[in-house]
Amino acid sequence: MKTRRDRVCNSKTEPRKENLPSFEQPLVEELKNVVVSDKCLGPDDFELLKLVGKGGYGKVFQAQKKDDKQIFALKVVKRPTKKIDLKHLYDEKKILETVKSPFLCEMHYSFEVDKKLYLVLEFLSGGELFTLLNREERLNEDASRFYLAEMTLALEHLHDNDVIYRDLKPDNIMLDKNGHIKLTDFGLSKFNVPKGKSTSTFCGTIEYMAPEIVNKSAYGHSVDIWALGIVMYDMLTGGPPFYGETEEEQIDNIRRGKVRMPSNLSDGGKAFLRSLLIRIPHRRIAIPEIKNLEFFKIIDWEKLRARDFEPPFKPNLENELDVSQFDTSFTDLPPEDSPFKPMKVEDQNDPFVGFDCQCSETKKKKQSEPKSKSSAARKLVVEHDNETT
C-alpha cells in the first residue's frame, strides 16, 4: 500500500529584519481593491459534512453553504508563525485568485477569522490520484499518458503565469466527478518567477524533488518537469524510483542513482521518461518539446484542453455528497474544526492585518489575462526571499 510522503520547506536565508516585510506591500495594495460581499461570510455560513484531508497546514472539509446548499471543499489553514510560511500562504491565496485553468482547483471565496484563513474551493469528488493508485497499484501506459498529458497542460499554464508548482505528487493531483485531473494545494508554490529566472528555497516532498533542489542550488520551472517524471514512474510501477533507508541515502540516490525503466513501457514512453529525469536542468525537456513527442502523438492537445477526451477512470459516485473516493482514515473522523484561539495584539508587520472581517469572492478571469503583479511588486517579493535571478 502506498504511503503518504511529507513535504518540507526551508528557506536558505533568514528573512530580512526590517520594519516593513517586503511581501506586505503587494497584499496591502490588493486589499484596497478587495471585493466585499453584501454579507461577509464566515465559518457559521458553512456546515461541515466530512473531513477529507488533514496535514501540518490544517484541515480540508467537505462543506455545504447553508443558504444555497452548494457543496465546497473548505480548507482551514492555521496562521503561520514564521514569516516565510506566511509568505507561502499569501502566494497560495494569490495563485488561487489569479491563475485560472480547467486543470487547476478553483477558489470561490476566502475569509479570515480568529487567526485562521478559510479557503472555499471547488469540491473535487473524484478524490486524489494517490487514492486511485493505492487501489489500482499501477496504471497501464494509456491511462498514464492521459493523466500526464493533462498534468502537462496544468504545468504549462502555471509556468506561463510565472508560477513554479514545487509539489507535484499524487497526493496533490485531484480528480473531478468525471475523472479529469486538477492540481490543488499551492502552499509550496512560488509566485512571480518569470521563465528564465530562479529561486532557491529548499522546498517540496523529498521523493519528488529535483537534484538541483536537494543540492540546494538555484532552480527554475524545470523542477516541475523532473517531478512529472517521478509521477510518471510512480503511476507505471507503484512507487517513485529513488528510495533510501535514510533521507541522506535517498538524496544521494536522487543525485546519482540509476533509473530502471519499466519493462512494460514502450520505446516512446522510455524516451519520454528519460527526457524528464535528466539531472542537468538546462538539458531537461521543456513543455513545448513534450507536446511534440512520439509518446503523445495520439493526443490532440486542443481537444484535451477542452476536456473532450474520455478519462480512463470515472469515479463511481452516488451523488454530490459521496466521499467514497477519499481516504477513510480522514472521512471516518468527526468533521470538527479546531477551537479558536484568543486573538493576540496585531503585529503591525502582518500582511493579513485588516483581513479578518472581509470576505473576498473570486471573480472569473480569462486564461489569457496578463500577469497580475507589477514589476515593482515582483522586485519586492524576490528581494524578500533573497533569491537568485
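Note: Cβ is positioned from N, Cα and C throughout, glycine not excepted.
Automated prediction, rather than curation, is the source of TrEMBL annotations.
Annotation source TrEMBL lists compositional bias 'Basic and acidic residues' at 1-19, 380-389. Look at TrEMBL and you will find 1-20, 360-389 tagged as region 'Disordered'. TrEMBL lists 46-296 with the feature domain 'Protein kinase'. Residues annotated as ATP binding site in TrEMBL: LYS75. The domain 'AGC-kinase C-terminal' annotation in TrEMBL covers 297-367.
The residue listed as 'ATP binding site' has a Cβ environment of 26 other Cβ atoms inside 10 Å. In the three-state DSSP classification, the residue listed as 'ATP binding site' falls within a strand.
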